[in-house]
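Engineer: Pulled the feature table from TrEMBL, pasting it below:
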COMPBIAS  433-452  compositional bias 'Polar residues'
DOMAIN    11-92  domain 'G-protein coupled receptors family 2 profile 1'
DOMAIN    114-374  domain 'G-protein coupled receptors family 2 profile 2'
REGION    410-452  region 'Disordered'
TRANSMEM  113-136  transmembrane segment
TRANSMEM  157-176  transmembrane segment
TRANSMEM  196-214  transmembrane segment
TRANSMEM  235-259  transmembrane segment
TRANSMEM  279-305  transmembrane segment
TRANSMEM  325-342  transmembrane segment
TRANSMEM  348-373  transmembrane segment
Amino acid sequence: MTSIIRTEYAACEVLKQQNTSFNSGGCAVDFDKSLCWASARLGQQMTRDCPFKYCTSIPGCEDIKDKYMVSRNCNNMGVWQDSNYSMCIKVVEDYAQCLQGFCRVCPEFLRDLVISVSLTLSIVSVILLVAAIILFSVFDSIQCRRLSIHKNLATAFVFRFAVLAIWTIVQSTNLFQDCTRFHPQPLWELEWICKAILWFVIYFQVASVMWMLIEGAFLYSRFTVFAMRHSDAPWSLYLACGWGVPFVVVTAWTIVHQYKSSQLTNSFCWVPYAQGNHLWILAGTMGSALIMNLIFLLMIVVILVQKLRTENSAESKKIWRTIKATLLLVPLLGISNIPLFYEPEHPSSVYMLGSAILQHSQGIFIAVLYCFLNSEIQGALKRQLSKVPFEFFKTRNRFETERTYVPENRNATKNGVPMEELNGTKKIEGEANESQEQVNGDKQIYSVTKKT
């Protein structure tokens, strides 16, 4: 039963209760399995709009709703005749583009804009993060624990945005719906694929937040007494927190949500999945991680301010350096996601668009700020490029000593430079016999050329 039919049925129940004293001088309130018909007089013809949702924003569809309607007659016996839906059938046949049905939805600028922005930013984030992971991995000279955490965070975001883009495409194209009917029906045989995609969407979202928490904890430890320790926590502990904890959390949510969904009728692919008290299994884990990162950030700011006070610099410069350092840590620690945990009951267009931009551009900020603008990465890249020969693009400084033979016929010489020209002097040729004697007297001339 669609939402329109459910609304009509509920309206009929209300009207029947209000018209309990209806006499037999006409037709009583009646529900014909699609529309609710109010009471009518004998011989009266009633009309109602077709039970469709019209897309009036599409050009040419503005007047369809008022032109094609359902009619029903109350005969002289006080009995309703069958409803005439022939005009509605004609609308389905000739003006299907004006209706929301067959998996089609009415155009909505804000919804389409949010989907386009989310999908575009997700694809750009994946491309930049993959490039960042490659740069993080190819230079052995800069490998360290901090860079390994960066790589895992970038990997979590790559899978998060990639799977989220797949989920967005699947939902917008109705891949798991049978669109041959006016009211689409779910393809139950493909539900397990839909659930698998949704599970990975949630898992990598939690994993990316956990790696942001690891970034915050590790960064704070570098500013405190823990940085003086020679030994660090084993890498397996980082992996367990970054990838293992999200698996346990999402699995616990899956078990509870599967049990809740099985009690609902026509619940397909765990939708709606962002409802119920058990949602706090996910929201509580991510919210706690982000709040801890906020605490880490504030403590780091305090340490930075105390350190800057000991330096001999202007107060304005100290403040600016502190603000700059703080802003650079916001995308890395995911602080910008905290306001998104509160979603208003009726979100505005600003909230929806801002939420899409903040969530899907975080990977871009991380790739640019912590890889492409990283001085270590830039230095390693320059050193690597300096080892690559670019002889085609630059002039070679080569010094050679060449022995040039000057034959008897000087006019035929193409290679070699006479010593007179190298010394800046040039003798005027005399008579032919004097030149011949000079050549016979000194057949070989050595010249040294310097090619630059």
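Including glycine, each Cβ sits where the backbone N, Cα and C put it.
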Engineer: Looking at the transmembrane segment (157-176) and the transmembrane segment (348-373), are there 3+ C-beta pairs under 8 A, with each pair at least 6 apart in sequence?
Structural biologist: yes
Engineer: For the transmembrane segment (113-136), I need the partner stretch with the highest count of C-beta pairs below 8 angstroms, choosing only from 196-214, 235-259, 348-373.
Structural biologist: 348-373
Engineer: The transmembrane segment (348-373): which same-chain residues, six or more beyond its ends, come within Cβ distance under 8 Å?
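Structural biologist: For the transmembrane segment (348-373), the nonlocal Cβ contacts are 110, 113-114, 117-118, 121-122, 124-126, 128-129, 131-132, 135-136, 150, 153-154, 157-158, 160-161, 164, 328, 331-332, 334, 336-337, 340.
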Engineer: Kindly report the helix/strand/coil residue split of the domain 'G-protein coupled receptors family 2 profile 1' (11-92) according to DSSP, in that order.
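Structural biologist: So the domain 'G-protein coupled receptors family 2 profile 1' (11-92) is made up of 19 helix, 22 strand, 41 coil.
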Engineer: Averaged over the domain 'G-protein coupled receptors family 2 profile 1' (11-92), what pLDDT does the prediction give?
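Structural biologist: That stretch averages a pLDDT of 85.
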